[in-house]
């Protein structure tokens with residue numbers, strides 16, 4: 001067919017219509033030399049180098065944020081850390097609160113177990129067991145050793161521990177008031193020399209009332225609550241009533257008695273403000289001690305009536321204590337033996 005179209009010349013150039021590679025549909029899908037790729041690049045086809053690779057332009061960096069001027073807050077040991085979620089923080093706070101609550105409960109149980117252990121040890125020791133004295137708390141190098149054993153948390157029942165502790169603090173306050181009374185009387189004596197008798201009596205009251213009040217009314221009260229002793233209750237009521245009367249007299253402050261009460265503070269000569277203020281403070285302290293003493297006497301009496309104690313029980317305890325005393329029994333035996341010997345020698 002080609003020969004018929006070209007006039008039968010076999011050397012004629014083929015026309016574009018007879019070349020299948022010149023078809024417009026094929027030419028459209030041929031790759032362009034301007035954008036040659038590695039797959040279709042022919043180094044022998046042209047002497048021009050391939051186009052240079054152009055990397056994509058980098059994205060612009062965000063501007064740096066300004067540093068915060070607010071100082072970082074230090075978290076407390078119990079505060080949960082911020083993990084970026086409100087629900088997480090709430091759950092962490094709840095867990096921490098629950099742990100603290102459990103820890104407090106465990107501490108209370110541990111204290112209760114310690115108290116019960118001390119009570120069991122006290123019951124195992126018994127009343128006749130020997131224990132090392134610990135009061136007054138003197139240093140080891142002191143030649144005078146402690147005279148009493150005192151442990152309110154171990155020896156006193158739990159429902160009476162607060163009352164016994166209050167009475168112990170009352171005794172300490174009365175001792176402090178006597179020391180301040182001595183200083184006030186000394187200041188008054190320095191201002192007015194005719195107050196020598198009151199100053200001398202203030203020294204006597206410090207030396208006399210401090211040990212006697214502890215032995216005569218505090219120790220009987222302590223032993224009464226420790227062993228539910230009716231006899232010690234009666235001893236305490238009698239002596240502490242007298243002590244309350246003395247507290248009232250100390251607060252009144254009769255001149256010349258050695259007490260810096262209200263009357264003694266008000267009769268200080270004018271111009272001695274410091275001495276007057278010191279004596280008024282002592283009078284106020286004496287008044288507070290007197291009021292607290294009366295209140296505690298009434299309170300302990302109400303506790304005594306609820307314990308089932310009575311005067312007959314006190315008599316029985318006194319008789320049992322007297323007859324169980326070895327010295328009393330020895331004296332009674334010697335007296336009986338002497339009486340019998342005299343009876344046999346009589347004509």
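Glycine residues also receive a Cβ, built from the backbone N, Cα and C atoms like all the rest.
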If Swiss-Prot is the reference, give me the range from 247-267, 310-330 marked as transmembrane segment. 247-267
So one of 68, 72 should carry the feature phosphoserine according to Swiss-Prot; which one? 72
From 41, 218, 222, name the one Swiss-Prot lists as phosphotyrosine. 41
Intrachain residues whose Cβ lies under 8 Å of the transmembrane segment (171-191), provided they are six or more past its termini: 198-199, 201-203, 205-206, 209-210, 213-214, 218, 247, 250, 258-260, 264, 268-269, 272, 274-275, 278-279, 281-282, 285-286, 288-289, 292
With a Cβ cut-off under 8 Å, give me the same-chain residues at least six positions beyond the ends of the transmembrane segment (247-267) that come close to it. 174, 177, 180-181, 184-185, 188, 195, 197-202, 204-205, 276, 278-280, 282-283, 286-287, 289-290, 293
